[in-house]
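Enquirer: The substrate binding site feature in Swiss-Prot is assigned to Ser9, Ser10, Asn11, Ala12, Gly13, Lys14, Ser73, Phe161, Gly162, Tyr163, Asp164, Lys184, His189, Arg190. The Mg(2+) binding site annotation in Swiss-Prot covers Glu42, Asp72. What Swiss-Prot records for Asp72 is active site, proton acceptor, and it gives sequence analysis as the kind of evidence.
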Amino acid sequence: MALTLYVASSNAGKLRDFRVAAGHTATEILPLPGLAEIDAPEETGTTFAENARLKAEFYSRCRPGGLVLADDSGLEVRALGLLPGVRSARFAEDAEYLPGSPLSADERNNLLLMDRMRGVEDRAGRYVCVLSVARDGVEIASAEGEVAGEILGVPQGTGGFGYDPLFYLPELEKTMAEIDLETKLRLSHRGAALRVLLARLPG
């Protein structure tokens, strides 16, 4: 029996990633209807798992009976004490870095990361993604995925989003922003988490 998952995210890149990762299954990935009109909950969790569950349970109340998928994901850099972590999307905003700049949030986040990593020898980092599915305010499944890499000093590639241009995969000698979408989803934290999650959902 086919499943329909309503994604509680306005991030077009994430929605695309989920659809590609689920493409070989009977699962239909749809945006949550009316998401733009819903006031987002405050992400008060201190871990990716807490925030993913909080969002899934909150948004599932807006789609009675439906399965709502939420994620919390980000970048952890060892030399920065695992920052930006759960604040990855708001890294520059939290630091009041380039306020009022016409640059996008992703661009400012990447610039701040480059600044913080200037002269740092330990370049190890990892992407982490936790997915949660809830129905009627109750989490019914969750899964985590991660991928290890290195943080570059300058961006490479124009694909992807977020920190992808700085996230280097040594085994491919490319950044996440330089690989095709199929390869990215095969290797990425988000693709790994979704594959585990789909196996855990009730048929």
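Don't overthink the numbers, they just go from 1 along the chain as shown.
Using the three backbone atoms N, Cα and C, a Cβ is placed for every residue, glycine included.
A description of the local structural setting of each listed feature is requested, covering burial, neighbours and distances.
Expert: If you draw a 10 Å sphere around the CB of Gly162 (substrate binding site), it holds 22 other CB atoms from the protein chains shown.
All chains included, 24 other C-beta atoms sit within 10 angstroms of the C-beta of Asp72 (Mg(2+) binding site).
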Enquirer: Determine the Cβ neighbour count for Gly13 (substrate binding site): the number of other Cβ atoms within 10 Å of its Cβ.
Expert: 16
Enquirer: For a quick check of understanding: among the binding-site residues Glu42, Asp164, which residue's Cβ has the most other Cβ atoms within 10 Å?
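Expert: For the binding-site residues Glu42, Asp164, the Cβ with the most other Cβ atoms within 10 Å is Asp164.
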Enquirer: Kindly assign Ser73 (substrate binding site) to one of the three DSSP-derived states: helix, strand or coil.
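Expert: In three-state terms, Ser73 (substrate binding site) counts as strand.
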Enquirer: How many Å lie between the Cα of Glu42 (Mg(2+) binding site) and the Cα of Ser9 (substrate binding site)?
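Expert: Pair distance, Cα basis, whole Å: 14 Å.
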Enquirer: Max Cα distance spanning Ser9, Ser10, Asn11, Ala12, Gly13, Lys14, Ser73, Phe161, Gly162, Tyr163, Asp164, Lys184, His189, Arg190 (substrate binders), Å?
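Expert: Largest Cα to Cα distance for the substrate-binding set is 20 Å.
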